[in-house]
Amino acid sequence: MGLLVDGVWKDQWYDTESTGGRFVRKDSQFRNWITTDGAPGPSGEGGFKAEPGRYHLYVSLACPWAGRTLMLRKLKGLEDMISISIVNPIMLENGWTFAPDQGVIPDPILDADFLHQVYTHADPNYTGRVTVPVLYDKEKDTIVNNESSEIMLMLNSAFDEIGATEGDYYPEELRDQIKEMDDFVYPNINNGVYKAGFATDQAVYEEEVDHVFDALEKLDGILADKKFLLGDKLTTSDIRLFPTLIRFEHVYYGHFKCNIKHLTDFENVWRYTREIYNMAGISDTVDFYHIQHHYYGSHPTINPNGIIPAGPAISLDI
């Protein structure tokens with residue numbers, strides 16, 4: 001675990017002392033957009049035209065933020081258009097690495113040993129955390145974007161005119177509802193489990209874990225009469241939520257102490273989680289080996305002995 005400071009790697013855990021024991025996530029910094037014609041997107045510069053084979057995605061199979069981009073890549077049939085590298089699940093003093101392990105796909109572009117080398121190749125003076133996913137442009141030899149919520153939207157539509165699988169998971173008519181749902185899910189569940197798990201103050205932990213379970217109760221009610229969060233159609237809101245839910249029993253319940261209830265105690269949320277997992281291709285984006293080994297093996301301040309739990313013994317069948 002670490003960060004870059006003016007392009008120099010520092011092995012440094014999150015600073016929660018200055019924030020009263022609270023985990024505060026920093027904003028992503030690379031914010032360009034791939035567009036159909038290369039015109040500028042909502043932020044950043046233009047010049048990133050959707051073209052097959054031009055872009056590369058660096059991901060972790062453990063990371064829920066990367067998981068959402070893998071889901072869009074699968075749903076939109078972009079596997080042959082956008083290549084990927086998969087980092088080693090263990091993230092310690094050198095951050096994300098490409099050290100050999102099951103499921104790891106090395107970096108074919110820069111032959112990097114560490115993901116932070118990809119960041120400094122794009123910006124030699126970069127300061128900040130080195131996170132996944134990273135969307136890379138092989139032609140311009142630079143990072144396009146490292147904000148998962150924006151990469152999702154690019155994959156959803158930018159490649160439609162050059163052979164992406166039909167399907168719009170961010171439909172115009174639902175965007176207001178999607179934003180409202182995302183504004184609820186992100187702080188309370190997606191980031192909420194991290195705010196509970198990385199808290200270093202008892203009162204802060206108790207406050208944050210209550211927010212997680214209050215939100216799960218609300219979602220269980222929403223899903224009582226809906227297949228998906230906004231009705232019968234899978235949207236980007238579901239694709240943002242699912243990677244957190246599928247990791248809940250395996251790591252957030254134990255490792256992050258989100259243990260007031262099991263996810264299986266929320267009948268509708270658990271049904272919803274299993275139904276999405278069993279959609280065509282989605283289980284291919286989930287790797288419980290990487291998930292458990294990353295969380296339990298990468299956070300010595302939480303799990304100093306690095307023991308990987310044997311469980312949970314749960315079924316994802318529907």
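Positions of Cβ are set from backbone N, Cα and C atoms, glycine also.
TrEMBL names R129, V130, T131, V132, E147, S148 for binding glutathione. Of W33, W96, the residue it gives for the same site is W96. Long-range neighbours of S148 (glutathione binding site) (same chain, six or more residues apart, CB within less than 8 Å of its CB): S28, W65, A66, R68, T69, P133. Residue density at T131 (glutathione binding site): 23 other Cβ atoms are found within 10 A of its Cβ, drawing on all protein chains shown. V130 (glutathione binding site) falls outside any helix or strand according to DSSP and counts as coil. By a simple count of nearby Cβ atoms, those within 10 Å, the most crowded of the recorded positions W96, Y194, Y295 is W96. Cα to Cα, R129 (glutathione binding site) and Y295 (site 'Lowers pKa of active site Cys') are separated by 17 Å. Within 10 Å (C-alpha to C-alpha) of Y194 (active site, proton donor/acceptor) lie the following recorded positions from C63, W96, Y252, Y295: Y252. When every Cα pair among W96, R129, V130, T131, V132, E147, S148 is compared, the largest distance found for this glutathione site is 17 Å.
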